Amino acid sequence: MKENFNISKLKNGLTILTYNMPYVHSVAINLIAKVGARYENEEEEGISHFLEHMAFKGTKTRTAQQIAEEFDSIGGYFNAYTGYENTVYYVRVLSENCHKALNILADIIQNSIFADEEISKEYQIIMQEIAHHHDNPDDLIYETFYNTVYKDQPLGKSILGTAKTLVKFTQEHFLNFIGKHYNAENLYLSIAGNIEHNKIVIIAEELFASLKQGVTSSFIPAKYIGGKGFIHKELEQTSLVLGFECTSYINLEKLYQTYLLSIIFGGGVSSRLFQSIREKLGLAYVVGSYNSAYFDSGVFTIYASTAHEKLELLYSEIKNEIIKITETVSTEELMRAKIQLRSNLQMAQEQNSYKSEEIGKNYSVFGKYILPEEIIEIITNIKADDIINTANKIFSGTTALAIIGPNDLNGF
């Protein structure tokens, strides 16, 4: 409900967003920095993610252990994650501990010291994360896919960075990156739960007073390229990711048409890919489709794994299903997909962790809060012809293909 949503801007420009949910006992806090991996230059690759790791490693007044103990002492859950377009720090605590949680979070964002010994330790941890990532075929194939689709662009680089760049980062690098991107205009504090907006504003005015004004960060526009990427790896199965360019998240009508297409095509056990590739032909245990959207680009992906000798047949059957969905979509299929999408959206509204992230990301991207009712209306108005037209536009575009397996795939 719109009346539960409030927004204020502090004197320094920090945006405060709250959504009151009086029936819950907790609050979910998100501090969203509008900076991620695609904002990095070549020398900075991986610094957004590294910085997120360093956020809980000590401030001017708290050691890493004290930060952990203070969060535990208020029964809080805290973590952070880095994407291509933002970095999110989130906390969930009982409403009575909201002030204390904000105090710690504000200290982390404004006063982290990035001690050399902590940088060295975290470097080793991230290198282990990268090694784990490269040992996982699913992670590796998607990394290869994005390297191919957005070749030589920040959106095609790994969020984790590389040993070549990570090993060079010092306290100075982190402080410079913070100074450049972690300013009041580039941060959004969003809170959902049993809270009062005016009290949150007063608390935030006090705790985030030292944030400098600054400007919103910018990035180089993405250019979808397509192409093929192959990785030779001794595995029990061969996996493929087939992709096409699709809409960004700025056009909501096109975005939700693409979501519905993905659900119908490969989004669940009743989807066409699942029923054809797995249930009817037995070609794959895992098969599905998904669309990823960014500010100025998007990718529709189809993923499957199969026995090495069945790869060509699998690929052929996927292409057959692509042809079919560009021709017909039934009323029943569309209705099932709409119910799935609406159900997921409406059930998520009951979770304050979802609401906190939703209002923060909405405002950081669109400059406004998009009501769930607006989204539901968009979904409701989509017709079968819209899905067919979307499928034709997407699948007539330049193909991108990534394959990982033990065989020689260069002739594929």
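Using N, Cα and C of the backbone, Cβ positions are placed for all residues, glycine too.
DSSP assigns E52 (active site, proton acceptor) to a helix. Sequence-distant neighbours of E52 (active site, proton acceptor): residues of the same chain at least 6 apart with a C-beta under 8 Å from its C-beta are A80, Y81, T82, T87, Y89. Here Swiss-Prot flags E52 as active site, proton acceptor, drawing on sequence analysis.
Within its own chain, H49 (Zn(2+) binding site) has A37, T82, I126, I159, L160, G161 as residues 6 or more apart in sequence whose C-beta sits under 8 angstroms from its own. Positions annotated as Zn(2+) binding site by Swiss-Prot: H49, H53, E129.
With every protein chain in view, the residue among the binding-site residues H53, E129 whose Cβ has the most Cβ partners within 10 Å turns out to be H53. Report note: the Zn(2+) site is defined by H49, H53, E129, and the residues of the same chain whose CB lies within 8 Å of the CB centroid of those residues, excluding them, are G46, F50, E52, T82, E122, I125, I126, L160.
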